[in-house]
Amino acid sequence: MSKKPVRVAVTGAAGQIGYAILFRIASGEMLGKDQPVVLSLLEVPVEKAQQALQGVIMELQDCAFPLVVGIEAHSDPMTAFKDVDYALLIGSRPRGPGMERAELLAVNAEIFTAQGKALNAVASRNVKVLVVGNPANTNAYIAMKSAPDLPRKNFTAMLRLDHNRALSQLADKTGKAVADIEKMAVWGNHSPTMYADYRFATVNGESVKDMINDHDWNANTFLPTVGKRGAAIIAARGVSSAASAANAAIDHMHDWALGTNGKWVTMGVPSNGEYGIPKDTMFGFPVTCEGGEYKLVEGLTIDAFSQECINKTLKELQDEQAGVAHLL
Ligand code: NAD
Ligand code: LMR
């Protein structure tokens with residue numbers, strides 16, 4: 001183990017997603033089996049949460065993970081984020097049955113203002129931030145805007161769950177393996193308005209769109225299934241997705257840090273005006289990653305149906321952003 005340890009902050013560490021993700025980070029699934037980590041775990045300063053966090057830490061210790069060289073419990077983001085190289089901002093209220101994610105803005109927005117400021121003050125200048133807490137795009141936007149001394153590109157939102165959900169639906173529809181589907185993209189907000197776009201997707205060079213050749217299925221089955229999957233899971237489980245969310249967060253950070261070998265993945269990243277999306281909007285785009293940096297896939301043609309879908313999800317994000325302007 002010759003690599004220098006990196007510091008990984010996880011907020012909401014005693015929550016459902018926290019419990020599903022920490023053991024996988026600790027085993028090297030996120031940053032590689034040769035990358036030692038110090039886990040810096042943040043929970044609210046409430047006795048019950050801190051006690052639950054101690055229980056999670058005991059379990060992490062009992063795994064004797066060779067890559068874990070330190071585990072810290074925190075109740076203040078200013079200490080939790082000190083010198084962190086990676087920050088997974090998960091901690092926040094999840095929605096319950098019948099709620100939309102945007103309804104969480106009022107309760108969760110302040111968390112991301114405070115955490116953005118703390119990252120700005122104490123994190124590594126190269127910190128890679130992934131916001132999972134909902135509404136993820138707008139919370140990531142808030143954190144980014146609250147951290148003016150950090151590069152904007154360090155802040156990202158999780159669209160990977162939508163991306164993975166879309167891949168799985170496409171594999172089912174075409175009878176092909178998930179691993180063979182390339183060039184899938186999800187545009188926009190992590191919400192039912194997201195636009196999962198398989199127009200460019202291929203399996204061994206063959207067009208997935210041509211294989212399916214069914215616009216009605218796309219508009220009336222595929223997009224609603226992917227867009228409303230979170231609600232379907234809440235209806236079935238009574239609580240929101242956790243293992244699949246943790247898995248998507250691992251995929252997102254893994255690919256950002258270690259690269260995608262030219263494969264497209266979806267990340268929510270601040271726009272620089274690409275595809276007509278106004279600068280700074282935290283928008284799901286197809287990207288490739290290499291050398292610890294993501295790069296947008298540019299120059300894709302946007303047809304009338306796609307433009308309509310992109311406009312709808314953009315409008316929703318702009319409304320969310322307007323709703324938090326007073327915090328920034
Ligand atoms: P949970 O209620 O099980 O756990 C959340 C934890 O965060 C709790 O332990 C809570 O004490 C803690 N917390 C709350 N405020 C905090 C703060 N300011 N600092 C540190 N910790 C804090 O919820 P969960 O199921 O783990 O979900 C967490 C969030 O992730 C929710 O907002 C949920 O909607 C979201 N989510 C997003 C996606 C996505 O694809 N982007 C997927 C699934 C869930
Ligand atoms: C999901 O997509 O499963 C999460 O964002 C949780 C939710 O509220 O839908």
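Backbone N, Cα and C define each Cβ position, glycine as well.
For 6-155, the entry in TrEMBL reads domain 'Lactate/malate dehydrogenase N-terminal'. Positions annotated as NAD(+) binding site by TrEMBL: GLY12, ALA13, ALA14, GLY15, GLN16, ILE17, GLY18, ASN108, GLN115, VAL132, GLY133, ASN134. The annotation substrate binding site is assigned in TrEMBL to ARG95, ARG101, ASN134, ARG165. Residues annotated as domain 'Lactate/malate dehydrogenase C-terminal' in TrEMBL: 160-321. Sequence annotations record features per position, and here TrEMBL assigns active site, proton acceptor to HIS190.
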Counting only residues 6+ apart in the same chain, whose Cβ is under 8 Å from the Cβ of ASN134 (substrate binding site)?
SER92, PRO94, ARG95, ARG101, LEU104, ASN108, HIS190
Sorted by position, what residues of the same chain at least six away from ALA14 (NAD(+) binding site) have a C-beta under 8 A from it?
LEU41, GLU43, ALA49, ALA52, LEU53, GLY55, VAL56
Give the subset of the binding-site residues GLN16, GLN115, GLY133, ARG165 lying near ligand 1, defined as CB under 6 A from any of its atoms.
GLN16, GLY133
Is it possible to get the count of other C-beta atoms within 10 angstroms of the C-beta of GLN16 (NAD(+) binding site)?
18
Based on a Cβ-to-ligand 2 distance below 6 Å, what subset of the binding-site residues GLN16, GLY18, ARG95, GLN115, GLY133 would you report?
ARG95
Candidate with the highest Cβ count within 10 Å, taken from the recorded positions ARG95, ARG165, HIS190
HIS190
If you count CB neighbours within 10 Å, which one among the binding-site residues ARG101, GLN115 has the smallest count?
ARG101
